[in-house]
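Novice: For reference, TrEMBL lists these features for the protein:
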TRANSMEM  20-41  transmembrane segment
DOMAIN    28-453  domain 'Major facilitator superfamily (MFS) profile'
TRANSMEM  61-81  transmembrane segment
TRANSMEM  93-113  transmembrane segment
TRANSMEM  125-142  transmembrane segment
TRANSMEM  154-175  transmembrane segment
TRANSMEM  187-209  transmembrane segment
TRANSMEM  268-288  transmembrane segment
TRANSMEM  308-325  transmembrane segment
TRANSMEM  332-352  transmembrane segment
TRANSMEM  358-381  transmembrane segment
TRANSMEM  393-413  transmembrane segment
TRANSMEM  425-448  transmembrane segment
REGION    470-502  region 'Disordered'
COMPBIAS  473-493  compositional bias 'Basic and acidic residues'
Amino acid sequence: MSPKTMTTTPAPTPVDTRALVWKIDVHLVPVLCVLYLMAFLDRVNISNAALYGLQTDLHMSSTQYSTALVIFFVPYILFEIPSNILLKKLSPNVWLSLCMGMFGITTMCQGLVSSYGGLLTTRFFLGLFEAGMFPGCFYLLAMWYRREESMKRYTFFFCSTTLAGAFGGLLASAIGQMDGARGWRGWRWVFIIEGVATVVIAGFLFFLIPSFPEAARFLTEAEREVVKARLADDVGESHYEEDGQDLNKGVRRRKVQDVLAVFKDYKIFLGGLMYFGLIVPAYGYAYFAPTIIKGLGYTSIQAQLHSVPPWACAFFFAMITATLSDHLRHRYLFSVFTGALAAVGFIMLLTIHTNLHAMYAALFLVTCGAYTSMPILVCWFNTNLAGHTRRSVGSAWQVGFGNVGGIIASYSFPSEDAPRYTRGYALALAFVCLSIVASTAYCVGITLENKRRDKLQGVTGIDTERVSIGSEKASEKLEEEKERERERGRMGDLDVSYRYLR
């Protein structure tokens, strides 16, 4: 063959990893932040509405108001795991935008109710449609980033809650000026305006929410391969499906026993307890902050405005902490420090009753501590799970079980306890301590597990598939262990070559 007739295969175009990660950031993080900001805003705006006559117009007692908060969590807790399974089946853009549109409509309906029973009904369906938002977004984020680069993204996403708190306070103070417009009280306008905005935004997000790496349209084929290779190098293979998959169709026949097998791991329950311990103080503050601040001597609109600075401060504090956590590739000490910060805030609120400036300062410690520790714990737990099944079920379980704490928080600050709220602050402090204890147990557990795997492999911190040293007996023992793991269907992060991040 002459040189003129010879054909050559062009070399593959190299992929700039930093540019690729930035590309993922641009397409993924902002849309998820907007989605969850609206979800959290529609969930807690009832606390803003309460200052504009909600309880008076619907003739609600303090206990009935708390019940209206609680009923949200019933479907929210029960449907989180099924929602993550549907997320995988229908694709993220379809399922998440559909749910967002539905809870936006439900929020609008809250502004039209004329009785306590109507409010309970709308709160129930709001919890149903929001069930998949939080675990679904965390699950999707976990399938895109390596562990050492995930904390900043998780925290930025989670800080949508702090932005929602700050934005909600500003928006509610503005909407409060509409009290009486067209014959409607201000609390109705809070629900209607924010619900309409959610529905409109959901229509745009249908076209913007990306899928999993294997099916993302904004990536080239070469970029998709790089993403999968990066994730496989970090936590093992991250295919679109797992055992029993049809690679051509990309469809997995998920079995009930696959889901149930996840709960054979005790670390799953520790992950739930870690998050559960922080939900009580976090929701306690989110639902009752305007009321607590009003008790310091402010008017309704002043209380809305004074609720903004603690949320804004929490956002910047959380991002700084997340950056340090990623840089040091460590989670445990950061979670304990921020949890302790929240505990100090609650201790101040329990012991200081006359110095209003100190009490207001304590609210900064509570928000900065709780809303920084929560994303650390969720990110730490989620990114230590490997494989679609364990991540989807594990993340949904952690958030679902953790939100049982929302039920406790809803009854923690009854109006008869005002203005000291000793019961609420004491409960919040106790649950922060529970979270710290559970985090410590989890850290001890994964540390011992890493050491067990090091010993089993015979080479500390080195994947035995990449080395060829060690005794023959140790190699045989390792292969036997791996075979037993495969037989039990316990691979992913349960594989002996995997190392947990502390």
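First residue shown is number 1, and so on along the chain.
Placed from the backbone N, Cα and C atoms, the Cβ positions cover glycine too.
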Novice: Among 61-81, 154-175, 268-288, 332-352, 425-448, point out the range having the most Cβ pairs under 8 angstroms from the transmembrane segment (125-142).
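Specialist: That would be 61-81.
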Novice: As a test: from 187-209, 308-325, 332-352, 425-448, pick the stretch that has the greatest number of Cβ pairs under 8 Å with the transmembrane segment (154-175).
Specialist: 308-325
Novice: Excluding the flanking five residues on each side, which residues at least 6 beyond the ends of the transmembrane segment (268-288) place their CB within less than 8 Å of a CB in that stretch?
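Specialist: Distant Cβ neighbours of the transmembrane segment (268-288) are 40, 44, 46-47, 69, 161, 165, 262, 335, 339, 342, 346, 363, 366-367, 370-371, 373-374, 377-378, 381, 394, 397-399, 401-406, 408-410, 412-413, 421, 424, 427-429, 431-439, 441-442, 445.
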Novice: Count the CB pairs under 8 A between the transmembrane segment (20-41) and each of 61-81, 187-209, 425-448, then give me the winner.
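Specialist: That would be 187-209.
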Novice: Should the transmembrane segment (308-325) and the transmembrane segment (61-81) be scored as in contact, given a threshold of at least 3 Cβ pairs under 8 Å and pairs 6 or more apart?
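Specialist: Between the transmembrane segment (308-325) and the transmembrane segment (61-81), contact is absent.
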Novice: By Cβ distance under 8 Å, which residues at least 6 away from the ends of the transmembrane segment (332-352) in the same chain are close to it?
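Specialist: Hits for the transmembrane segment (332-352): 274, 278, 281, 321, 324-325, 358-359, 361-366, 368-370, 372-373, 376-377, 380, 421-422, 425-426, 428-429, 432-433, 435-436, 439-440, 443, 502.
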